[in-house]
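What follows is a set of notes on a single structure, which appears directly below.
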Amino acid sequence: MATEKGHGRDDEERVPLTRGSTEFRNSIDSFDYSSSTASLSLAVIDRINNSTQDAALGEKGPRDDDDDRYWDDDVEYDVEDADYIPSGGKPMHKSVKIALWTLLFLSLGGWSLAFVLFIFRSHDTYETPISSEDNISSGGLRGDRITLDDVLGEEWMPRHHFISWFPGPNGEDGLLLEKDGPGSTGYLRVEDIVSRKDTKSSKGSIVLMRKNTFTVGGETVICSQVWPSPDLKTVLVLSEKKQNWRHSFTGKYWLFDVDTQTGQPLDPAAQDQRIQLASWSPQSDAVVFTRDNNMFLRKLSSKEVTTITSDGGVDLFYGVPDWVYEEEVFSGNSATWWAHDGNYIAFLRTNESAVPEYPLQYFVSRPSGEDPNLGEENYPEVREIKYPKAGAPNPIVDLQFYDVRKGEIFSVDVADRFPDDNRLIIEVLWASNGKVLVRETNRESDILIIAAINVLSRTGKIVRKEDINALDGGWVEPTQSTRFIPADPSNGRPEDGYIDTVIHEGRDQLAYFTPLDNPEPLILTKGPSEVVNSPSGVDLKRGLVYFVVAGNEPWERHVYSVKFDGTALQPVTNVSESSYYDVSFSDGAGYALLNFQGPKVPWQKVISTPANENPFEEIIEQNNHLSRKLRLFSLESKVFQYINIDGFSLPVLERRPPNFDPTKKYPVLFYLYGGPGSQTVDKKFRVDFQSYVASTLGYIVVTVDGRGTGYIGRKSLSIVRGKLGHYEARDQIEVAKKWAAKPYVDESRMAIWGWSYGGFMTLKTIEEDGGRTFQYGMAVAPVTDWRYYDSIYAERYMHTPQHNPQGYDSSAISNTTALANNVRFLVMHGTADDNVHIQNTLTLLDKLDLANVDNYDVHVFPDSDHNINFHNAHKIVYTRLADWLVNAFNGQWLKTNNPTPNDSLFRRAATWAGLSYNFKHLH
């Protein structure tokens, strides 16, 4: 659940409680790519345009009649969930039928007239307090409505080109790797972005691999991922990739020679054994790899493999992280770092022998790929995972070093470091001349130390220490974005240094520390805007730092540059427009891939940076297919604004249905994530489940980034520490009250939903609210007690349970009386969720059982992990959400409380069965 600030959650399930992707070993494959108010006439048009929608939601759409939104209990109607369909009453009298048919024709005539007037009348614009994005679609009233299949598939997904910048072997800037594009001359190529000319030939690129397959000893190798060596002479190839956890995987590794276009096993003596991790030396002369949790070294000058460690195994990891470090610290599968000169390798030794195990059961599949023993075919496969829950023993991590020339392992003691059971190592950064910076925190992640180690002298010291808890009551997020700045006296840099993100005047800002042991930095950025996962690029020749900020408003992203001395702050993107950009820079930062991500149709182009004397610009993607679709469909409009709650100005996004009419009454769905440092209110282009709810179902969707979320200041962020859910739930409820008071909102039909942390927040909100504002909630894969979640994440925001038992008690979902006061809520969870264990949902169900609470529905997905996608589950989970929401706003769930038999139906059934019964008992 590690939340990376600034990571937009395009897909609710994709980055639930966990961080976004981080760059991994320069792999070209490692890019991660996230109505009740509608008139009858509109509903008819929707039926014509979207027959597939009917299949998903059933024949009956949301009612339009605000005064009679809930149908009488004794009237038969057709909805998908047959368990909740009351039986019909007596047959109608003929005169009643005639009267009803007459009324129906008169009503249709009236609706038709109203429909014509609605089309041709002049529409008033609804004013927004801050900024309103006009509906980017131009389909208008007659435009198609998106279907659930549309948003679950790739119909509305922007195309992204997977460009991987590559440092030239001779210092060239602007080189990039490309794979298998249209009309390409080879599977893997390196190109000069400007000249598109190859220094070896006139073909415009250097072809590293002509095909994505090759043969070794009669075995056909199919590339899964590829990593060229820094000198571009050899390609490290992964085949037969098999996923392990979210970021880790195993496979077979090969060395592919560019000149001969032939391959060989990375380890010729163990060709068929699966490897967990492999990475190039900076000099291209060796590959270090981990297999069965032990480390090995293969030098290209020999086919022999050197064993670095031999005692690795089930409880001892070398060079790769265990589950919790993979998930919550590195967001990746590597804990190995080469020194720049290739003479040393730093790596983590992780001992998790004391970490308790959690069993994951697989009832349908067998992820191990192994056949069960005879007679055990009908038993679930069980995978034990070392998972440290809050307060439980953590894995013990040590930083060790391998001297490549001497072939020996050593460690360096540093005085006053955290003890083994109170230490997290969150970043390792090589400097020059055998120096390495190590970022560590205590177990509760609120005290930061930076240690400088010299592997040549095998000495080390603490050069910087910050008590974040004392500073603002907050914590340290584990990031790996610190940049080493080498000394260059000719360019005004007499000493080595590094650029880091620090807390300055209540915001995250960039700071330059030089020399390495100087704890007092030069602050490079100031003001109300916060930097995001920065620095993004460094131009050492020109002395410039490039970075991304949450612009004038927190929902924006813009790119800036500043000099190493903090002067000449300049925007790279057009800051006069409220936009959302992302960027990646070439190795020398002379060029950049600029990604415009919204609010309009995304595009990509390669540009020269402003300091580059040779201007260059090339558009590589315009997403014309999305522009065409927008002309055909009617999508929601978006309103961005701030709402003040308890003195905090909170970003709010309101999605309004097409042809929004402020004189009507709309149901409202709140969608949230809300995890610490996260952001959901942003200006990215996205057509997602929320778009479907607003555009097709015709409901208003509101998203609030409450206290605890990112980019609205440290004061707002840190206040949630130790009491997760308290302030966040209050913010959702208070904003919901403001929406309930709006003239266009039906306050009796309000729901809230979220996934993962958002699932926790859904339950916490309806628990705190007790049915006073929200009537419905939908929680997917929720945490229900932070004692059940992993230690590194939970303790960062809640302290340990031993330190803060009352905080854990109050944050747990436990007030069953309050939950019973809601009309109904839905909980869904995957049984094989390795992140948020189904234990969370099951223990909540037990509390509800003990309290005799039954106003909820549960859907369990066998063998699905946190993403819920096993055996068609991905589609089912969203179909279930949509159907359940429609039934809720149709008043369907009001009929499930204290159900009684239909008198006339029971009489008929009893008579048919020849039974006698005292019907007075029914009254």
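In case you wondered, yes, glycine gets a Cβ from its N, Cα and C as well.
Taking Asn49, Asn574 one by one, Swiss-Prot attaches N-linked glycosylation site to Asn574. The recorded positions considered are Asn351, Asn574, Ser756; of these, Asn574 has the fewest other C-beta atoms within 10 angstroms of its C-beta. For the recorded positions given as Asn815, Asp833, His866, the lowest number of other CB atoms within 10 Å of the residue's CB is seen at Asn815. Asn815 (N-linked glycosylation site) has Ser756 as its nearest neighbour among the recorded positions Asn351, Asn574, Ser756, Asp833, His866, going by CA to CA distance.
Each residue contributes its Cα atom, and for Ser756 (active site, charge relay system) and Asp833 (active site, charge relay system) those atoms are 11 Å apart. For Asp833 (active site, charge relay system), the nearest of the recorded positions Asn351, Asn574, His866 in terms of C-alpha separation is His866. Here the C-alpha separation of Asn351 (N-linked glycosylation site) and His866 (active site, charge relay system) works out to 26 Å.
Look at Asn351 (N-linked glycosylation site): DSSP puts it in a strand.
Of the recorded residues, Asn574 (N-linked glycosylation site) and His866 (active site, charge relay system) place their C-alpha atoms 38 Å from one another.
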